[in-house]
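Engineer: So TrEMBL says this about it:
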COMPBIAS  198-209  compositional bias 'Basic and acidic residues'
DOMAIN    19-117  domain 'Ubiquitin fusion degradation protein UFD1 N-terminal subdomain 1'
DOMAIN    120-194  domain 'Ubiquitin fusion degradation protein UFD1 N-terminal subdomain 2'
REGION    195-254  region 'Disordered'
Amino acid sequence: MFSFNMFDHPMPRAFQNRFSTQYRCYSVSMLAGPNDRSDVEKGGKIIMPPSALDQLSRLNITYPMLFKLTNKNSDRMTHCGVLEFVADEGICYLPHWMMQNLLLEEGGLVQVESVNLMVATYSKFQPQSPDFLDITNPKAVLENALRNFACLTTGDVIAINYNEKIYELRVMETKPDKAVSIIECDMNVDFDAPLGYKEPERPTQHHEEPAEEETDPSNYEMDIGFRAFTGSGNRLDGKKKGIEPSPVRIDPSDIKRGIPNYDFKIGKITFIRNSRPQPRRIEEDDSVSNFIAFSGEGQSLRKKGRKP
C-alpha cells in the first residue's frame, strides 16, 4: 500500500481562516438600483458581492466582520465593516470619503482582507473646518454619527452628515491601537482645535482708575423744563391773594454730588439713610387764616320801594 500526501507541511490555521481578495471599487453613486443608497455615504461600511459572503461563511472568522482595505499603488490603507452583499461580482462599493483616503479612482483595484481589531477605549478628532464649532452639542452629534461606523483608523478623514451639511473630521489618535473597533464599546472622545481656528483676541484691561475731578455746582444747568405744581389756582371766595405762583429757584449750592463708598465690598449691600431737610414754611396771609365760611352778606331779589 502506498499513500501519497500532497501537502507534507500543512498550512497554518491563521492563513486558512483569512479572507483576502481584490475588487474593483466604485463610489456608492454608481450602485445600480431604484433605491437611494445615500445611507452608505453616512458611514464607514462597504457593499461586497455575494461570493464574498459564501467564502466568508466557510471560514472560521470572528464577528463582526471587519476588513482592511489597501491601495497597493499609493501604499494607503484603512479599515471598514460590511453593510450588504449585493454588489456585482468582482466589484465593491465604497463611501466617497473612503475612496479619497485611499487615493482611489472609479474602477481602481483595492485589496480586501479580513482582520480582527481591538475594542476602542479612546479617540481624538480634529474638525477640518471652524464651522464644526457652530454645533450646539458636538459630542452628541458625533456619537450619533459613529453608529454607522464599524471601526476607526488613525490618520483617516471621516465625513459625517448633520443638518444637511457635511463635516469632515481627522482621526488624530485612537487607543489601544492605531486601528480599533467601535462596535458596542465605551469610548472616550476628545476634540482638537479645528483646522484654521484662531483664538479671539481679548481686549487689554487697564487697571488705572481715572482721577476724580471736583466740579463746581454752579456749572450745573438749571432745569428749565416742566416743573410740577407751579401753576396758579382759583379760590372759591373769589379773592386773589395768596394764589400767585411762587416757584422756589434751586440754589446751585443745594446740589450735592454723591460721595462714593470707598469701603464697598463685593456681595455686601449698605443702606445709607440720611435725614431729609425740613420743608420751608410759608407764612399764610392773615386774611386767609381768618377766613370764616358763610359769613358774607346776602342780597334780596325783591326791591323795597317807598309808599306814596
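Even glycines carry a Cβ here, placed using N, Cα and C.
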Engineer: Across the domain 'Ubiquitin fusion degradation protein UFD1 N-terminal subdomain 2' (120-194), what does the mean pLDDT come to, as a whole number?
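Structural biologist: Averaged over the domain 'Ubiquitin fusion degradation protein UFD1 N-terminal subdomain 2' (120-194), per-residue pLDDT gives 91.
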Engineer: How does the domain 'Ubiquitin fusion degradation protein UFD1 N-terminal subdomain 1' (19-117) divide up by DSSP, counting helix, then strand, then coil residues?
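Structural biologist: Counts, helix then strand then coil: 24 helix, 38 strand, 37 coil.
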Engineer: Please work out the helix, strand and coil residue numbers for the domain 'Ubiquitin fusion degradation protein UFD1 N-terminal subdomain 2' (120-194) from the DSSP assignment.
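Structural biologist: DSSP composition of the domain 'Ubiquitin fusion degradation protein UFD1 N-terminal subdomain 2' (120-194): 16 helix, 33 strand, 26 coil.
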